[in-house]
2 protein chains.
Amino acid sequence: MDPVRVGILGLGTVGGGTVSLLRRNAEPLKRRLGRALEVTRVAVKDPSKPRPVDLEGIEVGTDAESICTDPNIDIVIELVGGVDNAEPLVRKALEHGKPVVTANKALLAERGNELFRFAGEQGVDLAFEAAVAGGIPIIKALREGLAGNRIESVHAIANGTANYMLSRMRTEGMEFAGALQEAQDLGYAELDPTFDVDGIDAAHKLALVAAVAFGAPINYEALHIEGIRSITREDILYADELGYRIKLLAITKNGPGGIELRVHPTLVPQDTMLASVEGVFNAVQVVGDAVGPTLYYGPGAGADPTASAVVGDLVDVARTLGAPPEYRVPYLGFRADGMQEPRWAPVEEVETEYYLRMQAQDQPGVLAQVTRILSEEGISIEAIRQKEPRPGDTDVPVVLVTHTTKERAMRKAVAAIDGLDVINGPSQLIRLEEVDAV
Amino acid sequence: MDPVRVGILGLGTVGGGTVSLLRRNAEPLKRRLGRALEVTRVAVKDPSKPRPVDLEGIEVGTDAESICTDPNIDIVIELVGGVDNAEPLVRKALEHGKPVVTANKALLAERGNELFRFAGEQGVDLAFEAAVAGGIPIIKALREGLAGNRIESVHAIANGTANYMLSRMRTEGMEFAGALQEAQDLGYAELDPTFDVDGIDAAHKLALVAAVAFGAPINYEALHIEGIRSITREDILYADELGYRIKLLAITKNGPGGIELRVHPTLVPQDTMLASVEGVFNAVQVVGDAVGPTLYYGPGAGADPTASAVVGDLVDVARTLGAPPEYRVPYLGFRADGMQEPRWAPVEEVETEYYLRMQAQDQPGVLAQVTRILSEEGISIEAIRQKEPRPGDTDVPVVLVTHTTKERAMRKAVAAIDGLDVINGPSQLIRLEEVDAV
C-alpha cells in the first residue's frame, strides 16, 4: 500500500524528535500498520537554520498553511505551539479533511471544545496524547483502557520542571530562587518560568485530563491555580518531619461540591508512589470505581518521549484514515452527544486536609487562641508542632495539620488567625491529600 | 441503536464483577459507545447456586457452547478458565463470527498463536487485556500507546500473591511457609499455590507481554521459570542490607543473546519505583527506545479490577463490531504478516548481576578460594560481606554481589564453589537487575 504522507508544522525539539523517530523505527512501524509513515513536508520559520536531524527527501518550507491544504498530505502534525498561531492552522487542516496530531495543551485547553466540534463536523481525527505528561500514554489509559470505570479522582505530577525544583529544594536544602536558577541553567525552565512555576502548564494539562476522565466539556476557566513560588525550604522540611512531601499536583476529583479542578502545591504522604516521583518525571494517579488506584509514570517532556506520544497517535490515526467515525475512539472518550456539563465545584467547597504554618510570638496562650479559632470553624487538628525560633528571630514557627475540612471554613479561620496580635501573618496554608493507599 | 448483546461464559469472581460493573456503569458506557452493552446470557456450571450479583433479565443456563453459536449474541466473554475447557468454546465463538474477550492467560500463553490466527481468518477480535496485570491497561499501553517505540525491556511484578508473600517475609520477618499460610488464609493463594509461587502465572502473562512488546509469536516454551520457594528470610535481610528488595520479576528484554524471557526472584535497588511496590499490587516497567522508562501500577487481580479490563476491551470490541479488520488494532499490535520470530536467548546467555549466598566453614583462606574461582571465570565482585554465624551454627554465611556477567560463567563458578571442601553447598544464587534509573 501507499505510504501515509505526513506534514509537520514546526521543527523544534519535538518536531525534530518526531522526524528522527519515524526514520529510526520505520521498519517496526510498517510491521504494525502495513503502510509506511513518511514525512514528506515540514514547515519551519527559518529553513536555513542548521538542524540536528536528517531531512533528506523532506520538502522544507516556511508556508505552514500550504501543508494544511496540500492534497498530497494525509495527516498534519501541529507542533508550532501557541494558541493564536496554531488555531487557524489546525482549522485549515481539519477543513481540508486532514486529521491532526498535536502536542499543544494550551490550544486545546483554551479552544479545544470548538476544535473538537469542528473536527467532528469534518469527520476527522484530532489526537493529543503528546499534550499531557509527555511519553506516558495517559490519555489512552483514561479514554480507553479505563473506559469501564467511573473515574473518581486524578492526582498528577504534570510539570517536570516544578517537580525537579521541589526535589532539589528538599534534597539540597535550596530555596525557590536557587532551585529556579538551577532549573534554568539546566534548560528545564524557560527564562520566563511562569508556565511551569505558576502552575499554568499543569493547568492546561489538567483541563484536558478532566474532560477525558469525566466526559465533560473542557473548562479551563473553572480551574483554581496556585504555583510553587510561595513554598519555602522550611515548609519542605516541616512537611518531611510530619511524614509528607510537597508536590505540585494537578487534581480533578468528583467531590462533594461537584467536579473539582485545581492545581496547587500539596502535601502527600511520604510512603506513596506519588511522593517517590523525583526530578523531571511525571506521574498520574487515577482512581476508578472498578479498578481502584492505578498509577502511570514516566518522562513528562523531552524530544524523544514526546515524539513517542506523537507517533503513537499517528499510528492510531493512520490506521483509521478514511474509516467511518463511529469506528474511531471519540476524541475525549465520550461521544459528542454523550458529553455532560457537570457541576464544577468552586474551590471554597473543596474538602481536604491542610498544613498551616504560622509565625507566633513567643508568649503564653498563643496556641489556645489559634486552636479556639479552628474549633469555632469546626476544624479539628491532626498534629501540631511548635518549632525552634530561627537564629536571631523572636517568632516561633507553629505548624499544624488539620483533619478534612471545607476550604471556606479553613480560609475563614486563617483570616481570623492572621488577625491575632500574637500572629505575624500571613500564615502559610498548603493543602494536603492522602491520595489513597498507593 | 440496538444494544450490543453480550454472552458470558463462567460466572466466578471476574464474571460476577463484570455483570455488576456493566449494570452499575451502564449510563456512562452508553455515553461512550452510543449503544448499550447488555448481558443477555450467561453460562454457569450450577445455575441453582446463589450468587451475589443481580441476574435479572439475564438468561442463565449451563450450555456454554450454545452461547457461542447463538445468532442473538454479538460478543462472547470467556471466563471459564483452563486450557482444554476454554479452547473449544473460544474457537466455536470465533467460528460463528463472534469476537471474544478473555482473561485466560494460560489459554493464550499455550494456544494463543493458533487462536489469533483463527480469529484473523474469521475477521473478528480476540481481546485479552484482563489476562495480564488485572486492571492495569498494560496491553493497550504496549500495543498502542508505545507503538512508536522499539521496546527494550519489560520488568513486571505480575503476580500479586508472590509479591504479597515477599512483602510479608520482609516486613514481618516470616519464612516462606508462614507467608504462604497467611496468603492462603486471606484467600490470596489457592490451596495448590503452584501457579503463584512457582512463577507459572507470571510466566503465562510474560509470554503474552513479550509477544506484544516485540511483535513476536507467543513462545511459552522459551521461558525460563523459577519461583520463590527457595527464598529465605535471610536472603531478604541480606538483600536489604545491601540496598535491595527481592521481587518475583517477569522479565523480557532485547539482550545480547536475543529476546530473553525469564521469571525469577530478583534483587532490585531499594530506591526504584518497582522496589516500592508492596502487597498484592502489580507493576510493569517498560523501557522504550524513545520514551525511556515508564511504569504502570495498580491492582493485579480481584473481581472489580479485572472486570475493569474486561469492560475496557468490551468497549473497544463493540465499537468496531463489523468494521473491516484493517481499521482495528491487530491482536498483538503488529499485523499477522509483520510478526517476526526472533532469536530467543537461552538463559545461559543472559547477562546480569548476581547475589550469591554461601555457607562457608569458619577457617582461613575460604574467601581466597571463592574469589579465585570467580576471577577464573572472569566474574568481578561488586560487594562482599561475611556474616555472623547463626546461633549454634559453625558455618559462616558469606554474601556477595557480582558485576554483570554471563549466566553460563556464573553457573560454572557456583558449581566449582559448591565443590570446595570449605563450602557447604548448595549456595543460593539470585539474579540482580538494576532496572534503569527509575
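Using N, Cα and C of the backbone, Cβ positions are placed for all residues, glycine too.
B:LYS205 (active site, proton donor) carries a helical DSSP state (H, G or I). Positions annotated as active site, proton donor by TrEMBL: B:LYS205.
For B:GLY15 (NADP(+) binding site), applying a Cβ distance below 8 Å and a minimum sequence separation of six or more within one chain yields B:ILE8, B:LEU9, B:VAL42, B:ILE77, B:LEU79. Under the DSSP three-state reduction, B:GLY15 (NADP(+) binding site) is assigned to helix. Summarising the annotation, TrEMBL assigns NADP(+) binding site to B:LEU9, B:GLY10, B:LEU11, B:GLY12, B:THR13, B:VAL14, B:GLY15, B:GLY16.
Per TrEMBL, NADPH binding site is recorded for B:LYS105. In this structure, B:LYS105 (NADPH binding site) is part of a helix by DSSP.
For B:GLU190 (L-homoserine binding site), the same-chain residues 6+ apart in sequence whose C-beta sits under 8 angstroms from its C-beta are B:GLN184, B:ASP196. Under the three-state DSSP scheme, B:GLU190 (L-homoserine binding site) falls in the coil class. Residues or ranges marked as L-homoserine binding site in TrEMBL: B:GLU190.
Look at TrEMBL and you will find B:355-431 tagged as domain 'ACT'.
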Rounded Cα-Cα span from B:LYS105 (NADPH binding site) to B:GLY10 (NADP(+) binding site), Å: 15
Rounded to the nearest Å - Cα separation of B:GLY12 (NADP(+) binding site) and B:LYS105 (NADPH binding site): 16
Alpha-carbon distance [B:VAL14 (NADP(+) binding site); B:LYS205 (active site, proton donor)] in Å: 17
All-chain count of other Cβ atoms within 10 Å of B:VAL14 (NADP(+) binding site): 25
For B:LEU11 (NADP(+) binding site): intrachain residues, at least 6 apart, with Cβ closer than 8 Å: B:VAL19, B:VAL42, B:ALA43, B:VAL44, B:ARG51, B:VAL53, B:VAL60, B:LEU79
Sparsest-packed of the listed recorded positions (B:GLY10, B:GLY12, B:GLY16, B:LYS105, B:LYS205) - C-beta count within 10 angstroms: B:GLY12
B:THR13 (NADP(+) binding site), number of other Cβ atoms within 10 Å: 15
Whole-number Å value for how far B:LYS105 (NADPH binding site) lies from B:VAL14 (NADP(+) binding site) (Cα to Cα): 14
